[in-house]
Ligand SMILES: NC(=O)C1=CN([C@@H]2O[C@H](COP(=O)(O)OP(=O)(O)OC[C@H]3O[C@@H](n4cnc5c(N)ncnc54)[C@H](O)[C@@H]3O)[C@@H](O)[C@H]2O)C=CC1
Ligand SMILES: O=C(O)[C@@H]1CCC=N1
């Protein structure tokens, strides 16, 4: 019979997001021995972390540990394969933190029992320590477990807690998927610049620097986004002319409202 290890944190799924979170934990916590990585094919970045820190890595869930915390970072479509294999690691005091879009507590509990679950939704700026995470805890989560989850999720940026599970789908649609909207904005700005006569490379450098610079200005400023926008907009000037197009008939607001609604609807569909 194998001896039980002391309660570790087990990361199930070490791809883009799992890897970003793992990097943050290792930066903020010197006890690398408390992490176990479960992934048949971790990302190259995670493999480097495994090698550098001497982390325990398993291709499938180990049977010799009862986890203090299991972080689920596999794709929602993989949940029904991944969850049944985890039951051996789950004890009465195990906390499950799931970052999967859509997957509900009810689905997780259907495989793992009446377990304490935090559903969290980070985003890819977590890779550079600039993420934001939405989180919701079910009634089984103790205050100490919620604090532990908050500490773990905070390593990649602030955490916004909500008190209803369905709001995680709205958070997914705004900030989880949101970086893609911003990157697409940069792509569209660059293409518009090209159509306005600029060399393609210059247009992309201008768009990229404008999006990241505006983001950094907003991050450092206490002013609301609206004030920062008005600061750019001279009466009767060029920005006003452009904003007439974007804001006229609520054009851009309507587009984003529909995009966010589509993402939220898809999160509901991923719930199964
Ligand atoms: N990519 C994003 O922007 C965000 C993703 N999420 C959520 O994070 C989760 C992971 O997404 P990504 O990191 O982008 O995906 P990914 O594809 O980069 O990583 C998933 C990892 O899971 C591993 N895996 C597959 N089956 C497994 C199993 N049975 N047991 C253990 N590991 C297994 C894969 O080998 C892979 O390394 C998804 O549920 C997604 O909804 C949440 C917030 C943002
Ligand atoms: O596209 C997705 O489903 C995941 C969840 C949020 C960002 N990416």
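Glycine too: its Cβ is placed from the backbone N, Cα and C atoms.
What you are looking at is a predicted structure, and each value in this text was computed from that prediction instead of being measured.
The NADP(+) binding site annotation in TrEMBL covers 73, 74, 75, 76. In the three-state DSSP classification, residue 74 (NADP(+) binding site) falls within coil. Under a cutoff of 8 A between CB atoms, and with a sequence separation of 6+ in the same chain, the neighbours of residue 74 (NADP(+) binding site) are 12, 13, 82, 100.
Averaged across the domain 'Pyrroline-5-carboxylate reductase catalytic N-terminal' (11-102), pLDDT for the predicted model comes to 94. As annotated by TrEMBL, domain 'Pyrroline-5-carboxylate reductase catalytic N-terminal' applies to 11-102.
Taken from TrEMBL, the feature domain 'Pyrroline-5-carboxylate reductase dimerisation' covers 165-270. Across the range of the domain 'Pyrroline-5-carboxylate reductase dimerisation' (165-270), the DSSP-based residue counts are 90 helix, 0 strand, 16 coil.
The NADP(+) site is defined by 73, 74, 75, 76, and by the 8 Å test on Cβ atoms against their centroid, the other residues of the chain that qualify are 13, 72, 77, 78, 79, 82, 99, 100, 103. Fewest other C-beta atoms within 10 Å: among the binding-site residues 75, 76, that description fits 75. Here the domain 'Pyrroline-5-carboxylate reductase catalytic N-terminal' (11-102) has, by DSSP, the following mix of helix, strand and coil residues: 40 helix, 17 strand, 35 coil. Long-range Cβ contacts of residue 73 (NADP(+) binding site) within its own chain (separation 6+, distance under 8 Å): 11, 12, 13, 14, 15, 17, 18, 21, 99, 100.
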